[in-house]
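This report refers to the structure that appears directly beneath it.
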Amino acid sequence: MMKVVFMGTPDFSVPVLRRLIEDGYDVVGVVTQPDRPVGRKKVLTPTPVKVEAEKHGIPVVQPLKIREKDEYEKVLALEPDLIVTAAFGQIVPNEILEAPKYGCINVHASLLPELRGGAPIHYAIMEGKEKTGITIMYMVEKLDAGDILTQVEVEIEERETTGSLFDKLSEAGAHLLSKTVPLLIQGKLEPIKQSEAEVTFAYNIKREQEIIDWTKTGEEVYNHIRGLNPWPVAYTTLAGQVIKVWWGEKVSITEKAEPGTIVALEEDGFVVATGNETGVKITELQPSGKKRMSCSQFLRGTKPEIGTKLGENA
């Protein structure tokens, strides 16, 4: 039986690991990030992949830095025929990449060469794409730059969020891997080099990228809100207080107003001017230190005036 090592960390990776087990491969080890403190109480919490591996009695390796010799040698000691990675979260060294008979392959959540990096799902929505997908490719030391083995497209719906697309792509990745591994073993795949001219990047989201830029078009603001839902969540400021914006709707506005200005108060939300004639009606938000709520709930306690400017001192 072929021995496989799986490397992954978040929820996205779990269906991929599960599919390898269901397909009957001998998963001899799982490599995942170390347990981390989570929440206000800083409770030391295992990764979703570690939890899944332990359910199946699979040995778990948790390197702080996989590139260090004493760490990668633990992986080599498992003598895998194939290594599969999916959102592992560290650059894997050549010593590991060159060891398995069938190589090291990665399940990546974009149609490479577009959106290399750690946040391809966020960026696909933030950039207003109508489709994205899964790429399975050989791993190299350079970020997401290996030769492509297989791809599948996934449609992005008008009201898609990063959360819903994350789930769709995770399942699509597991399904594509199930079809790819047998073809790889049989030598039936022709690897395709990525076009460097078409490369774009989706680096991990930084705090300053979470701020809503109201000078952008209404469509761009709407995509920004969707792309950061449910994490890390877009935000703006109202009367100097941070407000997380969980959801908004695109609406046509006729009023001429500076971007970021509240131009209408409605029962289910307030309409904010943007950089074009498409405004955004905020319908779900979370004031600083409070729970997520509908905008209608918020408006029962707080009534901002028309003409109030959002995003000042953000």
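Any Cβ shown, glycine's included, is placed from N, Cα and C.
These come from Swiss-Prot:
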type	residues	note
BINDING	Ser110, Leu111, Leu112, Pro113	(6S)-5,6,7,8-tetrahydrofolate binding site
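For Pro113 ((6S)-5,6,7,8-tetrahydrofolate binding site), the same-chain residues that are 6 or more apart in sequence and have a Cβ closer than 8 Å to its Cβ are Gln194, Ser195, Glu196, Glu198, Val199, Thr200.
When the binding-site residues Leu111, Leu112 are scored by other C-beta atoms within 10 Å, Leu112 scores highest. Sequence-distant neighbours of Ser110 ((6S)-5,6,7,8-tetrahydrofolate binding site) (same chain, six or more apart, CB under 8 Å from its CB) are Arg116, Pro120, Ile121, Ala124, Thr132, Gly133, Ile134, Thr135, Ala202, listed in sequence order. For the (6S)-5,6,7,8-tetrahydrofolate site, the Cβ centre of Ser110, Leu111, Leu112, Pro113 serves as reference, and the other residues of the chain with Cβ at most 8 Å from it are His108, Glu114, Leu115, Arg116, Pro120, Gly133, Thr135, Asp144, Ile148, Gln151, Gln194.
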